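K.L.:
One structure, pasted below without further comment.
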Amino acid sequence: MLEVEGVSARYGEATALDGASLTVGEGEVVTLVGRNGAGKTTLLRCLMGLHRPAAGRIVLAGRDITGLAAHRRARLGLGYVPDDRGIYAGLSVEENLTLPPVAAGSAWPLARVYEAFPVLAARRRFPGGRLSGGEQQMLALARVLRAGARVLLCDEPTEGLAPVAVRQIGEILRGAKEHGVSVLLVEQNLRFATTVADRHYLLAQGRVVEALDNRDVKQREDELLAHLGL
Amino acid sequence: MTSFLQQLFNGLVSGSFYALLALGLAVIFGMLRVVNFAHGALYMLGAFGAVVLGDSAGLGFWWALLLVPAALAVAGMAMERLLVQRLTALDPLYNFLLTFGIALVCQDLLRMKYGSHSQPYDHAPFSGTVDLGLFDYPAYQVFVLAVSVAVCVAVWLLLTRTRIGTVVRASTERPELTRAFGIDTRRWVTPVFGFGVALAGLAGVLAAPMRAVNSDMGADLIITVFAVVVIGGLGSVFGSVIAGFAIGMLQALGNLYVPVLSQTSVYLLMAVVLLVRPAGLFGKEEHA
């Protein structure tokens, strides 16, 4: 569904990505782990079209999107959940939800979103800035699902959330996967990662250095946590 | 008491101009992150547009009110497409210089043609006064206040009740993110710039029957309007309008009670606001 080949990116003189490659299959949840500064957020930004890669190729559903503008990528089914959740504080919950134009036939009707997320239905007229962290994260995910995203790019959706909210996020991601949605998930919480993901990539100094399955992650948890500096 | 209320009303009328101009600046800044230094000159062009339409085409005030903002909207869109847009990727200073330069060129061209003395405008739509209960007040000034309030409310409704408004507010708050959600924000930039310029033109036409129409009228006014925008919060539409009317009244009351401070009061207020709330009264800290 998503193929990333040798993507490099720089901020001025600093190299953030140095030829990162990975793939995400249809209906697959894949996490990207790595310590701070490894290039995880930059990779998602390159995939979304918000940062121009210096080299490499990005293919979405068989189509090369490397040079495509961000808004066109969104319309092809890329759904972005940025690390700060990307909630518009000045827009109501419903405006936040309905802002992205519907990209594909798999889009959720608003009624279904509200059925799946009763909290959002109850707060639909609230400004997005007044939601709790967990509610904002739910809104961020609901927003891209409503738009019909086929591949979600989620940047640390569980960061700073209470355990209840983390469980809810897990359920949402598993539910999306059941509907054939692919997810590339930046995640530092390895326990959580193994409950939602099929595979994992370890990113270090801008490169994918290892591909791991759930068993690897569980067996080498201590070693990985030490590497991540957690 | 009557003189107090009368002065307050004077303040609301000058606030009407501040609010319209600040509104245009806020909408433009929000969408483009460009501070349009040509805004005062465009206001002046609006007033001159009314004078020229009246003198050479024999078209009166109502025609001017319709045609001049429309023509300036087109000119504004051309200015955005041909000039401003080329510089938006660069340091914001380049667009400061560009729009400031455009303002100077407009002013000097009109000074060459009309000199620096004021042009008479004799197509005022109505004269006389209306009885406001406690005092009589010039009818035209009441009209200006009503138009300004109506336009500000209409823009507010447009921004909060329509799809275009949602897109503009989203782009104002998080331009980059809005693109990542499938919205081609650039498509909206040119019309929004044209709209902001049209508001300046509208203010100019409204000014023609009651203010001195000369090449300096925009430069004199715009400095206060920039203070208004800073006090209200850069990019905050609501803040600009509220601050526009509030500062009009503040100046008017200053005139009445502390004449020495009437001109400086705005800048004192601006300094205090910047110390206490650097993003302005209704502004938000910028997101990355």
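Glycine residues also receive a Cβ, built from the backbone N, Cα and C atoms like all the rest.
A TrEMBL annotation is a machine prediction, not a hand-curated record.
Features from TrEMBL:
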type	residues	note
TRANSMEM	B:12-30	transmembrane segment
TRANSMEM	B:60-80	transmembrane segment
TRANSMEM	B:92-110	transmembrane segment
TRANSMEM	B:139-159	transmembrane segment
TRANSMEM	B:188-209	transmembrane segment
TRANSMEM	B:221-249	transmembrane segment
TRANSMEM	B:256-276	transmembrane segment
K.L.:
Six or more residues beyond either end and a Cβ under 8 Å away: which residues meet both conditions relative to the transmembrane segment (B:92-110)?
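P.N.:
Result: 33-42, 44-45, 48, 79, 83-84, 215-216, 218-219.
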K.L.:
Between the transmembrane segment (B:12-30) and the transmembrane segment (B:188-209), do 3 or more CB pairs sit under 8 angstroms, pairs being 6 or more residues apart?
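P.N.:
Contact confirmed: at least 3 Cβ pairs fall under 8 Å.
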K.L.:
Six or more residues out from either end of the transmembrane segment (B:256-276), which same-chain residues have a Cβ under 8 Å from its Cβ atoms?
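P.N.:
Beyond its ends, the transmembrane segment (B:256-276) has Cβ neighbours at 3-4, 7, 224, 227-228, 230-231, 247, 250.
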K.L.:
Can you work out which residues elsewhere in the same chain, 6+ from the ends of the transmembrane segment (B:60-80), have a Cβ less than 8 Å from its Cβ atoms?
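P.N.:
Result: 32, 38, 42, 45-46, 49-50, 53-54, 102, 123-125, 189-191, 193-202, 204-206, 208-209.
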K.L.:
Please indicate, using numbers and ranges, the residues of the same chain that are 6 or more beyond the transmembrane segment (B:139-159) and have a C-beta under 8 Å from a C-beta there.
P.N.:
9, 12-13, 15-17, 19-20, 23, 27, 124-130, 132, 165, 168-169, 199, 202-203, 206, 209-210, 237-238, 241
